[in-house]
Amino acid sequence: MNLSARARTLLGVTVGLVVLVSTVPLWDTAGPHDGGSLTRFLLAVAVVLVTCQVCAGLARRFGQPSVVGEMVGGLVLGPSLLGVVWPAATGFLFPPAVTEGLDKVAQLGLVIFVFLLGCELRTDRIERKGVVGAVVVAGMGLPWLAGMGIVAAAGGLFVGSQGSPAGTMMFVGLAMAVTALPVLARILDDLKLRHTSVGVLSISAAAIGDGLLWLVLAFLLAGQSAGGGGLRVLLLGAALVLVTVLCVRPLLLALVRRLGSGQSLTVVLVAGAIGYSVLTESIQLHPVVGAFLFGVAVPRDSLVVERICQQLEGFTLLILLPLFFAGVGLTTSVGLIGTAPITWLVFAGVFVAAVVTKIVGAGGVARLAGMPNGEALRFGILMNCRGVTELVVLSIGYQAGFLNQLGYSVLVLVAVLTTAVTGPLVRWSLRREGKLGSPASPSGPDRRDHPLVTGAPVQRWDAKKTDL
């Protein structure tokens with residue numbers, strides 16, 4: 001029997017609802033420690049995966065990337081919604097033993113996800129590195145300054161239990177400067193912008209920005225390390241980078257050439273990512289810093305490596321990351337914002353500043369470099385896509401004590417909202433110029449011959465006289 005995609009989705013949702021409703025008596029009577037821990041853990045995993053997939057399907061129906069729906073699905077299962085309308089279900093599904101297990105699996109998912117981010121970092125393919133560098137500096141610097149200013153103006157509203165005002169200012173600024181490369185690439189593909197000047201510049205800027213992000217985050221974590229051993233952490237981290245460049249990368253290159261079996265190489269790469277995570281954890285850096293460093297060291301010019309990364313990406317995005325989203329949702333509470341005008345004012349200020357500073361910073365420099373007004377506006381809008389990378393950074397900052405739960409909740413909501421508005425705002429800018437849905441391309445003509453892509457001089461900016 002052949003069923004349409006809509007019918008299959010409806011059938012799956014119906015079956016899921018029937019199963020959930022049939023367990024209502026258990027949820028309403030069970031205490032947080034009743035039942036087998038393994039059974040409860042498996043049930044929680046199933047509920048998380050189904051919820052995130054249903055929300056992802058709904059997001060796609062509204063023209064959003066799947067990841068937006070999955071992020072919302074994590075929030076739905078937490079105290080922001082399910083904990084309010086059905087507290088017994090939250091207590092049954094997510095007792096402390098279960099949340100601890102989910103967190104461990106989610107951390108493994110983060111390690112693999114950030115390792116894949118490192119593998120995808122291809123700065124060697126970026127054209128006009130000077131222009132891209134200037135765009136990155138402006139696109140990250142202005143939001144960073146805005147974030148620091150908001151934290152300073154808000155007093156101790158965001159500061160975590162183990163953080164200092166200065167450390168929290170630096171961290172919030174960094175968090176506001178994030179652009180998520182994986183989600184950005186998906187949005188560009190959906191809008192058929194990947195091979196335009198806007199798409200090429202966006203991918204290049206996001207790639208360099210990701211590299212800077214993890215470098216700066218490593219410095220912040222080193223400064224936050226216990227016992228005042230920040231200098232020691234930095235020295236050990238620098239030594240690890242040196243060993244990676246001089247020894248590990250050549251060894252990986254030889255292994256990739258020698259191992260013809262994708263299965264053997266998969267084990268080597270995954271074990272290496274986990275091993276590097278253990279190393280950075282042992283020197284008081286977050287495990288994902290090591291995973292990213294190992295990913296950067298993996299040789300890119302190999303079809304076997306590319307195929308392995310695609311396989312790992314599929315499993316990670318479908319199974320492991322939803323568990324991370326659930327963990328984020330369980331520690332995010334919209335109710336903490338409450339009814340106090342000051343907290344809502346801060347939330348609105350963070351959201352507006354996050355959007356405007358990206359558009360003005362990144363888009364403004366792109367315009368000065370010769371990009372037309374409409375394309376520069378779209379580029380600035382695209383840089384607002386914070387996505388999963390932002391949630392990973394916020395989770396690290398919350399665990400490290402940079403943020404309290406209120407600050408964490410505010411920034412998580414801002415991350416979800418800025419990612420959700422990226423696609424609609426880009427469509428609006430295309431529609432305003434009459435380029436949306438044109439026969440040639442939804443984004444208008446393919447502009448791969450644009451000076452920002454090819455490196456040719458532009459009319460408004462003489463590349464021979466100025467090196468951005």
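Glycine is no exception: its Cβ is also placed from the backbone N, Cα and C atoms.
Where the annotation comes from TrEMBL, it is an automatic prediction and has not been curated.
Annotated transmembrane segment per TrEMBL: 7-27 (among others), in sequence order.
The transmembrane segment feature in TrEMBL is assigned to 39-59 (among others).
Residues or ranges marked as domain 'Cation/H+ exchanger transmembrane' in TrEMBL: 54-430.
What TrEMBL records for 71-89 (among others) is transmembrane segment. Sequence-remote contacts of a segment are chain residues at least 6 beyond its ends whose Cβ falls under 8 Å from one of its Cβ atoms, and for the transmembrane segment (71-89) they are 27-28, 30, 47-48, 51-56, 59, 322, 324-335, 387-388, 391, 412, 415-416, 419.
The transmembrane segment feature in TrEMBL is assigned to 101-119 (among others).
With a cut-off of 8 Å between Cβ atoms, the residues of this chain six or more beyond the transmembrane segment (131-160) that come close are 168-170, 172-177, 179, 201, 204-205, 208-209, 212, 342-343, 346, 349-350, 353-354, 357-358, 360-362, 364-366, 369, 379-380, 383, 397-398, 400-404, 406-407, 410, 452, 468. For 131-160 (among others), the entry in TrEMBL reads transmembrane segment.
Taken from TrEMBL, the feature transmembrane segment applies to 166-188 (among others).
For 200-221 (among others), the entry in TrEMBL reads transmembrane segment.
What TrEMBL lists as transmembrane segment is 233-252 (among others). Same-chain residues lying 6+ beyond the ends of the transmembrane segment (233-252) with a Cβ under 8 Å from its Cβ atoms: 218-219, 221-222, 225, 272, 279-280, 283-285, 289-290, 293-294, 296-299.
Annotation source TrEMBL lists transmembrane segment at 259-279 (among others).
If you look up TrEMBL, you'll see 315-338 (among others) marked as transmembrane segment.
The transmembrane segment annotation in TrEMBL covers 344-369 (among others).
Beyond the transmembrane segment (406-426), the same-chain residues lying 6 or more positions past its ends with a Cβ under 8 Å from any Cβ of the stretch are 63-65, 67-68, 71-72, 75, 157-160, 168, 172, 175, 180, 183, 187, 190-191, 193, 328, 331-334, 336-337, 343, 346-347, 350-351, 354-355, 378, 381-382, 384-387, 390-391, 394, 397-398. What TrEMBL records for 406-426 (among others) is transmembrane segment.
Sequence annotations record features per position, and here TrEMBL assigns region 'Disordered' to 435-468.
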Mind checking which residues reach the transmembrane segment (259-279)? Cβ under 8 Å, same chain, six or more beyond either end.
108, 111-112, 115, 240, 252, 287-288, 290-291, 293-295, 298, 304-305, 307-308, 311-312
Cβ pairs under 8 Å with the transmembrane segment (315-338): which stretch of 39-59, 101-119, 166-188, 200-221, 344-369 has the most?
101-119
Counting only residues 6+ away from its ends, which parts of the chain sit with a Cβ under 8 Å from the transmembrane segment (344-369)?
131, 134-135, 137-143, 145-147, 150, 154, 157, 176, 179, 201, 205, 337, 375-377, 379-381, 383-384, 386, 410-411, 413-414, 417-418, 421, 452, 458, 460-461, 468
